[in-house]
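**Q** The feature transmembrane segment is assigned by TrEMBL to 39-58, 78-96, 111-128, 135-154, 324-342, 373-395, 449-468, 474-492, 560-579, 591-611, 1117-1145, 1215-1237 (among others). Taken from TrEMBL, the feature domain 'ABC transmembrane type-1' covers 334-617, 992-1271. Annotation source TrEMBL lists domain 'ABC transporter' at 649-871, 1309-1543. Marked as region 'Disordered' by TrEMBL: 928-952.
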Amino acid sequence: MAEDTSSPMDRFCGSTFWNATETWYTNDPDFTPCFEQTALVWTPCAFYWAFVIFDFYYLKASLDRNIPWNKLNVSKALVNLGLLVITALDLIMALVKKGGDSELPLYDLDVWGPIIKFATFLLVFIFIPLNRKYGVQTTGCQFIFWFLLTVLSIPRCRTEVRLDAERQKILNSQQPSEQDFSWEEYQFVSFFIFFTFTSIMLILNCFADGMPRQTKYQRGENEIPELSASFLSRITYQWFDKMALKGYRNPLEEKDLWDLRPQDSCSEVMPIFAHHWNQNVRKNYKNKARVEPKAQFSNGNVTFENPHGEKNGRKKGMASIMPPIYKSFGGVFLFGALMKLFTDTLTFAQPQVLSLIISFVEAQEAEPEWKGILYAVLLFVLAAAQTFILGQYFHRMFIVGLRIRTALINAIYRKALRISNSTKKESTVGEIVNLMAVDAQRFMELTTYLNMIWSAPLQIGLALYFLWQQLGPSVLAGLAVMIILIPVNGVIASRIKTYQIRQMKYKDERVKLMNEVLSGIKVLKLYAWEPSFEKQVLDIRDKEIATLRSTAYLNAGTSFLWSCAPFLVSLVTFATYVLTSEANQLSVEKVLVSIALFDLMKLPLTILPMLSVDIAETQVSVNRINKFLNSEELDPNSVLHDSSKPHPMSIENGEFSWGDEITLRNINIEVKKSSLVALVGTVGSGKSSVVQAFLGEMEKLAGVVNTVGKLAYVPQQAWIQNATVRDNILFGQTYDRKRYNKVIDACALRADIDILSAGDLTEIGEKGINLSGGQKQRISLARAVYSDADLYLLDDPLSAVDAHVGKHIFEEVIGPKGMLARKSRVLVTHGVTFLPQVDSIYVMKMGEISESGTFDQLVKNKGAFADFIIQHLQEGNEEEEELNQIKRQISSTGDVPELLGTVEKAIKLARTESLSDSISVTSADSLMGRGGSLRRRTKRQDSHDSVASAASLKKKQEVEGKLIETEKSQTGGVEFAVYKHYIKSVGIFLSVATLVLNFVFQAFQIGSNLWLTQWANDQNVANDTGLRDMYLGVYGAFGFGQGFTSFFSDLAPALGSLHAAKVLHSMLLENVLRAPMTMFDTTPVGRILSRFSKDVESVDQKMPQVINDCIWCAFEVLATIVVISLSTPIFLAVIVPIAFLYYFAQRFYVATSRQLMRLESVSRSPIYSHFSETVTGASTIRAYNVGDRFIEESDAKVDKNQVCKYPSVIANRWLAIRLEMVGNLIILFASLFAVLGGQTNPGLVGLSVSYALQVTQTLNWLVRMSSDIETNIVSVERIKEYGETKQEAPWELEQDKNKPKNWPQEGHVEFQNFQVRYREGLDLVLRGVSFNIKGGEKVGIVGRTGAGKSSLTLALFRIIEAAGGRISIDGVDIASMGLHMLRSRLTIIPQDPVLFSGSLRINLDPFEIKTDDEIWKALELSHLKSFVKSLAAGLNHEIAEGGENLSVGQRQLVCLARALLRKTKVLVLDEATAAVDLETDDLIQKTIRTEFKECTVLTIAHRLNTILDSDKVIVLDKGQITEFASPTELLDNPKSAFYSMAKDANLV
């Protein structure tokens, strides 16, 4: 060929490379052969070479090895070989057939083309065995390479087929041909073989390889399909289909979830983070003494270095968590950022294509149809590419977020196990838990948006650049408007924030008050005080609603700006553009492309201010986490473990502090092997501190502490885990039945365990909530005994148990004959009784050891110890025969008269006390036959076989209905009734208004856009400024209509939902307060409270938002469909199948996602509760040295939460991909129909396409919102459920009004064959009780636990309703009156004094009807006057929650004052078991005798001496009256039960 072609590419090929007339300006487009063989083949090759680095990265990062050969990878290898062969053949044939002698010239293409292909195929081929060896099951680069290669070879297929047809024509024609077609024939055949092979490779690459043989982590049955899903399945999330289907069929449960991906588990994330953290910490020290290897693994545990450092290391500054986070997770993040950059560019390509489509429609006749189709398809491809890449981007970001959260939670957890006490004092447990719950969580939420920092400005910049091309400098006017609006939005946002903080404050107040009301509900009912407290709650609620209402107005304002902003911007820009120069005319293309670009700017502009706030908040979180992770740790070297010292535990010349002033000085203690050392002293003398010093919990200032051997520690406040009783005792050790049973008996736990519903497998609530103090203490002791350590530190373990149990434990466990006799033990004790039996005693005084020695030595010394004993005995809470023992012990020491005198006094005091009603725990038999001193007590216990009766009662209860009903976790959908209920609460007017306003808003929006296109199409505007101004004016009017309706369409639902929230809350409150007592017995307070906090909050705040968004999205979608159908009616045909697709995706998603969210929130709280438990029990965990086990538990809990969290993240992506593809189909059809439908109005076409472009996001949101509505409406459902609980009898009745003001006048109480049970289905507690009490009689009621004493009073107040018989007061049947009428005319002094937070005055007189004088008089009579006078605030003295800032005795007196203020004819006195000290008790008795002389008094007695002077005594047994007579009569009859009780109590 002689022609000299111009471009180098032409020379390379030997033919034309690009011919525009052939390719573009024609009705039958085609590429040149040269272009097909170079550009279209090399593009995929170049792509592969560019991105092959990722393949290498995946090889390196893979955790698995060794995939077996299988059909798939063998066929890949074979086909690839085939391709290599065919390419090599191409080169050889070219060299043979062309060049040299033959007349065909040899071009560069013939040589280089095959070589480039060969090299690329070779590279791909090398990866087949490599991927197999390193266990990589699928690679994206290869898939994309084969995909591109196949698709780009299609044009050449067409060319080759055409050329072949031409050749056949020539050959078939009659003239004998001179030409030799052999080279062309060869090319034809070789290309089609090549094409077939690439297509096969593409298909093979759609599947993933087999399972690797070696994996770093066990791959279970339940492994996540993603690990072995192919690239195609990964980008479309097709591997998630199974879960979506399963979740759709029936609600997902935990067992349906997949295992976690190994790369996201703590065991993979932590070492990386720890390594970078330690590097960062080391950087902060000047002395580079310690060089450490990579993150150390000690048995799979990660060690974190202490940034607080050695005392000598100079600290340069705080170690921050940020650098380690960048280094550990930055790679994935950067890859994500790359994707984000890519999608941003694609986004801006869309308006460009849009303008091409518009110009195509404008020039319809001139342009060939294929171009229109090309544009439509191009738009679709752009949108689809964006969908897939964004899906991957968000997925990547979520993973980074999850990993950061994992790393932070675990770093915080590990640190919490080691912080020193001075650090711990700086923050409460709650604050530390918040670091984990709030601050670590914040990171996770931020990561997704973090890339917006650079992406938002980039998007704005690009938009401005393209706008400038359309409209020139006028853009700046629009930009100015945007910039002005940012601070306005900022101001509103900060206002909203202050309101939010205020609302949170009210909410906390309200929940706190509710908590008290629910905790003290019984007292409220007895006093008939509910209305007062209901009013208090509603007052706070009104303030809260007012705040929410202001927020709603502000939000509507934001929405007004938000809908006006883009509009104002376009208005200002277009106005400036048209008004600046006559030449500037709007064309359809300009208008629509500009509007599309303005819309693109909308999102980044709103996100930027929000993002800056979020970043500021996260910065605060970072600082808080940094401060915590950099805080001081306990010094691990403060306690030595030097076995050469003579004694296993010793302190020499110790000085210790709790971080501020010195607490202990000159401490010298040695504990000999197998000895028992007691520490005694007054409260606050430093006994517990010595124990803490042994544990290394205090800061050691001087001296040496030494312990040798394994430690066990029993803290003063027992620390109980939320686990079964058995787990609490085993504490991570293996279960050895024999030893376990021995421990249980020794610690007197047998009887308690029998009472518990599931024995020792009963779950204990958080902080041991369902155990008594004594039980907790004994479990804590049992844990220590079971751990079989060498050294025991017992910090007052006997304080919380009854005296006889204490004795049992001392003898069986601690004492010289107990289980621990061979161990070295330190016992802190307040009891004097056991001191004679210990080996040596150290007496603490003011943080020093004042004296030490054996009991006898110390008594002789007459020093601090003697004082201690005297002081102790005066408190008078020892049992009588123990005092006798001490007396013997002291008198044997000789000459200590004043001590003996004190002992004698104490013995007298103990005699008057008697008949304690506590369930004694020690089983009777263990006390039998232990010498005479215990005989008498055993008798008392027989008369009180209370253990047995309580146990049988409990068993019965268990059979007849668990006490606490389990909470229903809602599954499945929500029925329509709930929605109806909610809409009713909102109100019909506002509901309708919302819909109408939204409709009008959309109408205005479409109107303004149609008006613009009308203006742009109008040819006369150019010459007529008046016309132009008219267009501009109407356009402006449309805009303000939009703003106006947007404001109200936002406000209406917000106000409506607020109204609903108010109605729902007051209904809930009213019904809960009116629920019968049984409901509170069977429902934990926490569950009712969560209705008032969590559910009310979601009705207050989430519902308005979600409903608003949902309605808005729905109308937006409707508008889109309307606009598209206006321009191309045929589009309606496509809507139906698309709607079906959409509906299915939505149904599948909602069902699965809702359940996943539930599972996730259920699995999240254990992380935090386990953490707060750990923080509380850190010293115990350290003492037993089980930190590693707890870290593992925490890791497991975090992993379990990820197991639930990860699928819900994926479910979001799965949905997004599917919905966006549905949206992309809408784009495709809208643009295709626009192009092919012969629509001539370019404005309408452009409008319909630009609406279609926006619809993808809206569709996505619509599903999210509708599923959010379903998630949040559950709250309405729960509130409704509680609002419909069974109510107690009415509070007020009409006929009550005729009763006299001072009813009951006599106080005559009569029970007639009265029967009552606590709840339906339980046994009767009172079985036909009849007695008659005359007005003014004083009656005592006695009987042992479970006899029905309390049931009598409860029945009198109708807390429990009669099952038969009747009670009448002054001849009126109490069942016939309103509850409040009845309850307010009786007075009760309840057993446990309940106080509410608020002023003292509110506690005495909540309805504020009494005068000050009356109140002072009552206080004087109840001996509180002097105390209240001494308070600064007097009657307005604030009482803490539960009355914490008053002593128990004072609380009891406040209850007495309440009774005195009421002073009705009938008084019920439920005696306090929680022993008020004797003094207070006498005061109360005296006051009652004088003040309530004329009244009928019913006393439920626990101490007989209080009722010996009453007129009558009722003895109850098993719900029936056995004796009813005066006390003297009963005492004269030695056979009476009352007599035997009195005898037990030493009263006869």
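All positions are counted from 1 along the displayed chain.
Any Cβ shown, glycine's included, is placed from N, Cα and C.
Caution: TrEMBL annotation is automatic and unverified by curators.
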**Q** Check the transmembrane segment (449-468) against the transmembrane segment (78-96) for contact, please; criterion is three or more CB pairs under 8 Å, pairs 6 or more apart in sequence.
**A** no
**Q** Sort out the residues at least 6 away from either end of the transmembrane segment (135-154), same chain, that have Cβ-Cβ distances under 8 Å to it, and list them.
**A** 40-41, 43-45, 47-48, 51-52, 54-55, 58-59, 62-67, 120, 124, 127, 194-195, 198-199, 201-202, 205-206, 208-212, 214-215, 227-232, 234-235
**Q** In terms of Cβ proximity under 8 Å, which residues at least six beyond the ends of the transmembrane segment (39-58) contact it?
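**A** Tertiary neighbours of the transmembrane segment (39-58) are 31, 113, 116-117, 120, 123-124, 127, 131, 136, 139-142, 144-145, 148-149, 152-153, 155-156.
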**Q** So what's near the transmembrane segment (111-128) in sequence-distant terms, Cβ-Cβ under 8 Å and 6+ beyond its ends?
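**A** Residues 12, 37-38, 41-42, 45, 48-49, 52, 55, 73, 76-77, 80-81, 83-84, 87-88, 90-91, 94-95, 139, 142, 145.
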**Q** Can you work out which residues elsewhere in the same chain, 6+ from the ends of the transmembrane segment (591-611), have a Cβ less than 8 Å from its Cβ atoms?
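**A** 347-348, 350-352, 354-355, 358, 449, 452-453, 455-457, 459-460, 463-464, 466-467, 470-471, 478, 482, 486, 489-490, 493, 562, 565-566, 569-570, 573-574, 1009, 1012-1013, 1015-1016, 1243, 1246-1247, 1250, 1253-1254.
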